[in-house]
Amino acid sequence: MTIRYPNGNPYKDGTQFSPDAVSRPTIYGGRGMTLEEELNLSNQYYRSIDKAVVYKKPTPVQIVKVDYPRRSQAVIREAYFKTPSTTDYNGVYRGYYLDFEAKETKNKTSFPLKNFHQHQIDHFRRCLKQNGICFVVIRFATIRRLFVFPAGRLITCWDQQSVGGRKSIPLTKIIQHGFELHPQLQPVVPFLDGVDWLIETKVGNVRG
């Protein structure tokens with residue numbers, strides 16, 4: 001079966017988790033793993049020790065071609081990924097609902113807002129209204145720095161674009177208003193450290 005992204009490019013299966021994969025050392029930015037793959041491994045690790053239950057949301061698929069070699073059997077020959085309508089990840093930690101996106105850039109001094117979409121910003125707004133803890137995991141791949149950045153700050157930067165504001169978030173602002181993560185052996189991306197920071201500093205305010 002051929003599965004394609006909305007732009008028509010064929011889908012290639014990503015890294016799957018195995019216990020051995022988590023136990024092997026990972027050199028940050030040195031083995032070609034994407035941020036998404038590292039987060040998937042981290043989520044698997046957190047679940048394995050009952051620390052948090054977080055999953056990547058499945059991307060909806062539109063089936064366009066099906067063969068029926070037998071009456072009781074259907075074979076999907078071609079399908080396309082639909083554009084997701086929300087964010088990448090959600091789950092529960094310490095009794096709090098988490099909702100977050102993962103983004104990375106090769107830029108060294110700022111993060112382009114064009115990497116986000118209006119539907120993601122709208123989704124963050126709705127989750128924050130329900131007291132969810134919302135954020136973005138941002139990686140600056142070239143300089144090997146990784147942050148949890150509150151969704152509330154992201155929304156402010158997004159809205160400022162329409163009144164002449166910047167089209168990117170300066171690294172200095174991310175450092176000032178975010179939480180820097182330090183990759184580990186287990187988990188590879190310890191984003192719950194940033195969530196703990198959000199809970200301690202943001203709950204009762206904007207939660208993201």
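Just so you know, glycine gets a Cβ as well, placed from its N, Cα and C.
TrEMBL has this to say about the protein:
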BINDING   Thr86, Asp88, Glu101, Gln120  Mg(2+) binding site
SITE      Lys103  site 'Transition state stabilizer'
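Everything TrEMBL records as a feature, shown here on the structure.
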{"residue": "Thr86", "record": "Mg(2+) binding site", "contacts (Cβ under 8 Å, 6+ apart)": "Lys57, Asp99, His119, Gln120, His123"}
{"residue": "Asp88", "record": "Mg(2+) binding site", "contacts (Cβ under 8 Å, 6+ apart)": "Glu36, Lys56, Lys57, Phe100, Glu101, Ala102"}
{"residue": "Lys103", "record": "site 'Transition state stabilizer'", "contacts (Cβ under 8 Å, 6+ apart)": "Leu35, Phe111, Asn115, Phe116, Val136, Val137, Ile138, Arg139"}
Gln120 (Mg(2+) binding site): secondary structure state under DSSP, collapsed to three categories: helix
Coarse DSSP state, helix versus strand versus coil, of Thr86 (Mg(2+) binding site): coil
Gln120 (Mg(2+) binding site) has its Cβ surrounded, within 10 angstroms, by a count of other Cβ atoms equal to 21
In three-state DSSP terms, Glu101 (Mg(2+) binding site) is classed as strand
